[in-house]
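Inspection log for the structure reproduced underneath, given as structure tokens.
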Amino acid sequence: VNIASHDPSSSLSPINGSYLPDEHITQAQQVFDNERDVEPLPSSSNDREYSTTEKIKQLCSQINGLTVSQDQYINGEDPVFHEIKSLESRNHELEDRVQSYKRSSEQLNSQVNEQRRQIIQFQEQIKRERTELANKQLLEQRSLKEQLEVHIQTIGILVGEKQELQSTVSQLQRKYEIKQ
């Protein structure tokens, strides 16, 4: 992080051209203060080298810890904050998707209900038409039966008249033959 992007209202302080959170500055100052308070050991130079080497390792370890902590901050913000923002964004996307699916589901349910309503209407219409057709056929059958009965009666009358006429013709022929 460079100095130019530093926000003066944030809780970061500059160290060697970089900004660290105040809590890390405090830790670093404590490490350096502790190093000044350590008395050199009155032993051989090997022990002193070991002690100095050990101190340097400890300092490096603590500085590395601070560096790792510093690297975790992105543009002066905690990575947990970024993770929360990312999760909130993902949550919002998922909420939008769920709402979209709900709307689609509602539309499809509405279409299904409309189709069901139409099916019921068509079934009722078919039932009415079948009933009307059956009634119409029944009326036509009755009418045809009546006509058939009339025709049968007419045929019966005509057959009866024909027999009478034949009988009359036969009688006239006999009378004619007798006269002749």
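Glycine is no exception: its Cβ is also placed from the backbone N, Cα and C atoms.
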Study note, to complete from the structure: As TrEMBL has it, region 'Disordered' corresponds, among 1-20, 141-160, to residues 1-20
Check your understanding: Do you know the mean pLDDT across the coiled coil (84-132)?
Key -> 96
